[in-house]
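Features reported for this protein in Swiss-Prot:
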REGION    27-88  region 'Disordered'
DOMAIN    113-371  domain 'Protein kinase'
BINDING   LEU119, GLY120, GLN121, GLY122, GLN123, PHE124, GLY125, THR126, THR127, LYS142  ATP binding site
REGION    377-407  region 'Autoinhibitory domain'
BINDING   ASP427, ASP429, SER431, HIS433, GLU438  Ca(2+) 1 binding site
BINDING   ASP463, ASP465, SER467, THR469, GLU474  Ca(2+) 2 binding site
BINDING   ASP499, ASP501, SER503, TYR505, GLU510  Ca(2+) 3 binding site
DOMAIN    522-555  domain 'EF-hand 4'
BINDING   ASP533, ASP535, ASP537, ARG539, GLU544  Ca(2+) 4 binding site
Amino acid sequence: MGNNCVGPSAAGQNGFFANVALWRPRPADAAPPALPPPSSAPSDQAPEPVTIPPSEHSSHHSSRSTDPSTPTSAAEQPANKAAPKVKRVQSAGLLADSVLKRDVNTARLKDLYTIGKKLGQGQFGTTYLCVEKATGREFACKSIAKRKLLTQEDVEDVRREIQIMHHLAGHANVVSIVGAYEDAVAVQLVMELCAGGELFDRIIQRGHYSEKAAAQLARVIVGVIEACHSLGVMHRDLKPENFLFIHQKEDSPLKAIDFGLSIFFKPGETFTDVVGSPYYVAPEVLMKHYGREVDVWSAGVIIYILLSGVPPFWDESEQGIFEQVLKGDLDFSSEPWPNISESAKDLVRKMLIRDPKKRLTAHEALCHPWVCVDGVAPDKPLDSAVLSRLKQFSAMNKLKKMALRVIAESLSEEEIAGLKEMFKMLDTDNSGHITLEELKTGLQRVGANLMDSEIDALMEAADIDNSGTIDYGEFIAATLHINKVEKEDKLFAAFSYFDKDGSGYITQDELQKACEEFGIGDTRIEDIIGDIDQDNDGRIDYNEFVEMMQKGNNAMGKMGQHSTGNFGLGEALKLR
């Protein structure tokens, strides 16, 4: 049994990450290093810093500290105030003439590439298929509209992500950046195309896997973390969705994507800004005093899910999840854990130690007997229940959001009394859309005392099509009182909207068309149906539809979790 324990220089053979989807404002005193020249292998030094004009907003963000003082206690910084995600403010104009901060090549993107179909729509950018004219090779092109870059921090975030992608260039499991282009209206990033799907989706499609296969995936994940840390990069948003396969073949490399929250760090440096995703965030992030150890925690959560199909810290609300992250016990007694090897449990336990000083480092985790090449992970197939749970965990019920929108648009003026005027009050520029800033201003006007992170969560829950704004239909759907939603005639009308052929069932084809109509892309239709379909006939009948609409009744957040209990936009605006 060989222990193929690699060091920083060799870690480049085991890793992954890239894509531009989400940015976190960066303080003025933390300017990112300059863009390094392209390289075929990872550099062992961070690029030299460049001078970037300070932002007028930076005084509101104290994101990093070099003072290793005692962390703020959980009592002083309640977990339920932590931001699971940070959204960029919608903007009307750019604060910098050039985002890339260099002389842009005279060649334009369209001179070199043919732009093809849309691959995905993110919060702040659209990804297209693009084909290199000279070679016919396919790539992914992410287009970021400059009008959405409102603050200097927004501009710096884009620059920093590009810098980090170049800094990690050459790593076998990090999505490669091919080039960055800029014109008068957008920044375009051309990247390696990952057409093989997400990590969990691949496992679900295959229908079976073993501890040994899980250990191989864990080795890739931890290997990327070690490579990032050795090059002075902290990812800060590790989760299964950020791991994609290049192609559908069995031997496809796994690539890490999305460095939108990543940041350069120095040894001993600590950070305070709360970033990440609820299930995967480390406890010290919620306590606002953390370092690179947070990435190991997130990887430990992913490995726990790979082995059991459920997250280690679970609750029906984000507040509850955060409380579990801070205080909850690890469950190794429920199924399937009695059948999982002791070595696997030992690794997960050591990666999920709450004290970051006692937690395994990425290098130590990579050297663990369960993870290392030819290690002790058994080849015995994992219980089929793990796959079933994994499928449930990965699926997100988007049908309910679409149905609420349909019901909202069918209501009479009397039924939505007051909501129309409320929308007009919030939509101060009469654009027909409520921006994040308008929502914040409106909530303050009605006396709602909410943190930015809570307003971000409300915005995300209401913004069905991920456009970054709330249109009238989305607003009504988000603020409706539940007694209107549960009326029989409204439910039947909504069901009939999706049941185009009047068969009495919503089929996969009908749901696919509905997703296209609502601008909801990158969706596994069979998973949405499977989450609702109780008799396993592959379609949704009226009774199943009604039960879905009446169950929970709180807005769904990312990864299928309920966002914040029964608290939603209606409550925030004091409409309920």
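Cβ coordinates are placed from backbone N, Cα and C, and glycine is handled just like the others.
Under 8 Å, Cβ to Cβ, and six or more positions away along its own chain, ASP533 (Ca(2+) 4 binding site) finds ARG539, ILE540, GLU544. Note: the Ca(2+) 2 site is recorded as ASP463, ASP465, SER467, THR469, GLU474; in the same chain, HIS433, ALA462, ILE464, ASN466, GLY468, ILE470, ASP471 also have Cβ atoms within 8 Å of that site's Cβ centroid. In sequence order, ASP427, SER467, THR469, ILE470, ASP471 constitute the residues six or more apart from HIS433 (Ca(2+) 1 binding site) in its chain with CB-CB distances below 8 Å.
Between the candidate binding-site residues, SER431, THR469, the densest Cβ environment within 10 Å is the one around THR469. Calculated from their C-alpha atoms, the gap between TYR505 (Ca(2+) 3 binding site) and GLU438 (Ca(2+) 1 binding site) amounts to 40 Å.
Per Cα geometry, GLY125 is the residue among the binding-site residues LEU119, GLY125, THR127, ASP501, GLU510 nearest to ASP463 (Ca(2+) 2 binding site). Averaged across the domain 'Protein kinase' (113-371), pLDDT for the predicted model comes to 91. When the binding-site residues GLU438, GLU510, ASP537 are compared by the number of other CB atoms within 10 angstroms of each CB, ASP537 has the fewest. Using a 10 Å radius centred on the Cβ of ARG539 (Ca(2+) 4 binding site) and all shown protein chains, the other Cβ atoms total 20.
The closest partner of GLU438 (Ca(2+) 1 binding site) among the binding-site residues, by CA position, is THR127; the full candidate set was LEU119, THR127, GLU510. Excluding ASP533, ASP535, ASP537, ARG539, GLU544, which define the Ca(2+) 4 site, the same chain contributes TYR505, ILE529, ILE532, GLN534, ASN536, GLY538, ILE540, ASP541 within 8 Å (Cβ to the Cβ centroid), listed in sequence order. Cα distances from ASP429 (Ca(2+) 1 binding site) to the binding-site residues GLY125, ASP501, ASP535 are smallest for GLY125. Just so you know, of the binding-site residues THR127, ASP465, SER467, ASP499, SER503, the Cβ with the fewest other Cβ atoms around it within 10 Å is the one at SER503. Here LEU119 (ATP binding site) comes close to THR127, TYR128, LEU129, ALA140: these same-chain residues lie at least six apart in sequence, with C-beta atoms under 8 angstroms from its C-beta.
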